[in-house]
Ligand SMILES: Nc1ncnc2c1ncn2[C@@H]1O[C@H](COP(=O)(O)OP(=O)(O)O)[C@@H](O)[C@H]1O
Ligand SMILES: O=P(O)(O)OC[C@H]1O[C@](O)(COP(=O)(O)O)[C@@H](O)[C@@H]1O
Ligand SMILES: [Mg+2]
């Protein structure tokens, strides 16, 4: 996908006419390695060859608007009502983002009112719209010490017009949607409905996902806390497998379409022999297949440790016509419900090793929700706070239909349409996967890779 400067421009509600309460702090600021001045922009690409590929002057090269406070803002803070909601699956750091938003909006901008909508988009339906929570710095003071979200979350599509009615009824001027790919699509949908009615409401997305599958953000908040938690389960299974005759340690980790959690947790634990992710298809049978490799490992080392992303090998379930394990259904938000590849692997590995006289001891852990319900670690706590600050500044400056993100270590504004234009996936040709191969020593492929299934390399 080729992107041009115009694709990266963000929508403004109008001219910024009010002095920002932060304007004094900004008078002497200019771009430096640690700050991007408000008129400057952050490059989309960061190699000499990529930049050389654009036959345009530097100011025309694709770039993002820098996030951060503006000297002049669009809204008069004293008349602003802000709304906040969290949607989709849980992610470490949700409470930290809520807390950061409330503190910035209340303490610095001194907005009139901050409302939390409960249970995701459901909180904007006519049935639930009055079940709001008044958010004050006092109310959110300690919430970062707990996982989850004090606002609750949900899946399921809601009617955009009904949701806009709720915003109008509560007099919301700026809405913060903390969500994943679904949440960003919902925010886009809301922005469109708001624009169609000619309303002056800013919608700002704060990208959230433990899967790290959102594009145009270096890493999503909570991802690091989640894979750190996953690492402990890999270590446990490795200890168990190593102590068992023909031990097979298998850990299944979340990661519907992207194997980042599996890849990072495996690197962090540094004890995995095999990592299986959705981006790289694998064959079970044949001399190059997974089962032969597992056997070889057990023979040589006495045990094997496998880290499995839940979305890996879904095609194998189809091939085996295991319809009862096959993820054909979708959840309330339209996300595919995955088939149980872990069951297939346990069965096939057990059968194979037994048949070759290496009856295994299977040690299996599915930490499931345990990795995403943890409290944000120190790094994610800082990251969440800074994203929240950037989101508050974007809203007060009248940006809309935009997400705040960290891109190449700078905080930027990304149009929501881009956030949902593609999925961030592990690139089989990228250096992350190369590190996994270097660490595990597993072959680049188990069996022949099918044509057309290789994910295209891209910006992420
Ligand atoms: N295309 C869409 N239009 C409107 N709302 C959507 C769309 N896709 C998802 N949503 C809603 O966004 C919310 C969050 O989506 P979901 O996929 O559950 O989680 P996440 O935001 O973590 O990806 C859900 O309420 C879902 O119904
Ligand atoms: O919460 P549910 O509905 O059980 O869904 C689990 C899914 O949610 C995730 O944790 C993250 O998904 P989202 O961030 O898109 O909500 C996936 O890794 C996992 O497959
Ligand atoms: Mg999602």
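Cβ from N, Cα, C; glycine included.
ATP binds 155, 156, 180, 181, 182, 183 as TrEMBL records it, and from the list 83, 89, 249, 255 the residue named for this site is 89. Matching 138, 310, 438, 445 to the substrate binding residues that TrEMBL gives (209, 210, 211, 254, 255, 256, 369, 370, 371, 372) identifies 310. The average pLDDT the prediction assigns to the domain 'Phosphofructokinase' (82-394) is 96. Note: the Cα of residue 155 (ATP binding site) and the Cα of residue 209 (substrate binding site) are spaced 14 Å from each other.
Calculated from their C-alpha atoms, the gap between residue 89 (ATP binding site) and residue 372 (substrate binding site) amounts to 8 Å. Look at residue 255 (substrate binding site): DSSP puts it in coil. In this structure, 180, 181, 182 are the binding-site residues from 89, 155, 180, 181, 182 whose C-beta falls under 6 Å of some atom of ligand 3.
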